[in-house]
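Visitor: So TrEMBL has the following annotated:
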type     : residues : note
COMPBIAS : 363-385  : compositional bias 'Low complexity'
DOMAIN   : 198-341  : domain 'DUF8173'
REGION   : 347-392  : region 'Disordered'
TRANSMEM : 197-218  : transmembrane segment
TRANSMEM : 238-263  : transmembrane segment
TRANSMEM : 269-291  : transmembrane segment
TRANSMEM : 300-319  : transmembrane segment
TRANSMEM : 325-343  : transmembrane segment
Amino acid sequence: MTPSRPSLKQLAVLVLIVAVILGTLPGLVLAQSQSGVGGTIVVADGETVSELSGVAGTVIVQEGGTVTGDVSGLAGNVYIHGTVEGDVTAAAGNVEITGTVDGNVATGSGNLLVAEGATIRGTLEAGAGNIRIDGTIDGDVAVGAETITLGEAAAIGGDLRYDGDLQGNTAAVAGEITRDSTLGFDLAPTIQPIASWLFAVYALALNLLLGAALLALFPDFSRGVADRVASDPARTGLVGLGVLVGVPILLIAAAITIVGIPFTIAGAFVFALVSWIAVVYGRFAVAAWLLSKAGEDNRWLALVVGLVGGALLAQVPFVGGLANLLLFLLGLGALSVGLYAHARRHRGRKSPSGVPERGSGPGTETGAATGTDADAGTGSRSSSGTDDRASN
């Protein structure tokens, strides 16, 4: 049986899926109470969760909402309007606390507001562009910012260490006030571990969605990619390396001319998409090969094993990065060979004039190629079934 080949409609569907994946994630993660990735992650009024962590446009604990553990957020905005019984660690454009935090707060942000009526029972450590404190902080405060403002309702039970322009009600500080020029750099919280695993979860979710789309839309093509990696990994990897080096060189060369700049921009976008697909295919193909050695031939299991394994490898310093690079080269090589083979088959089914052949394959010779009546403008049949011959 001839393998099914990707159609323009299938390709359009795939591109559409890739384009809307980020837009569909917010709706998916709203159902997750403890962690998530998406546009908005919410602990609603009357809702209680054990802890909250996420990468999002907005992370919010609404008034009446309760988090019994810690809150960790990497977001555009983090709003604590309810109660957090643990610590708050956030990196965001804006952090606003109007509720109660029983633990400590550590933030790195563009703007930080501890509003009037808000309470932090532990310490506050923050690096920000602008900081305003109008609420109550029972412990010590160490902040670095361009502008630090203490409002009339502010109350700091411990010491204040700061770096920046301190303004407002300094009498609100019960302890000592000390300027420390290192705070602007040292107090942005160490969010790398949080960011690392949250981004890993985010990338894994995207890769699983893309991989599922590839296997569902192009099952035979995907199987062919896995077969190429299994049958000749060395050649496939070298092809991937050649594509990885060659395509950027061609795009840069095209950008030298003004006419080629639009081509370079479009080409860079396409190559980025192809590279993403190659990452998924590479991990899938190697997992499929390993599972086949164990007598298991399940493409969906191979997809999950490959992508989860790749995500775990990415957390291993140096070795994980090198292993994922090899997987990527295998995927890129197999994908490139598959696309090239498909393009050749597609051209083979067309005559030089672009009219589909009556022959059964790309090797069928046309009348133009053999010098038959088509060269003389004849070759069509009359209504009586006789040949219309051109007169000499």
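Any Cβ shown, glycine's included, is placed from N, Cα and C.
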Visitor: By a Cβ-Cβ criterion of under 8 Å, what residues six or more beyond either terminus of the transmembrane segment (300-319) are in contact with it?
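Guide: Long-range Cβ neighbours of the transmembrane segment (300-319): 196-197, 200, 203-204, 207-208, 211-212, 215, 226, 279-280, 283-288, 290-291, 327.
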Visitor: At a C-beta cut-off of under 8 Å, are there same-chain residues at least 6 beyond the transmembrane segment (238-263) that contact it? List them, or none.
Guide: 271, 278, 328-334, 336-337
Visitor: Going by DSSP assignments with H, G and I as helix and E and B as strand, what are the residue counts for the domain 'DUF8173' (198-341)?
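Guide: Helix/strand/coil tally for the domain 'DUF8173' (198-341): 127 helix, 0 strand, 17 coil.
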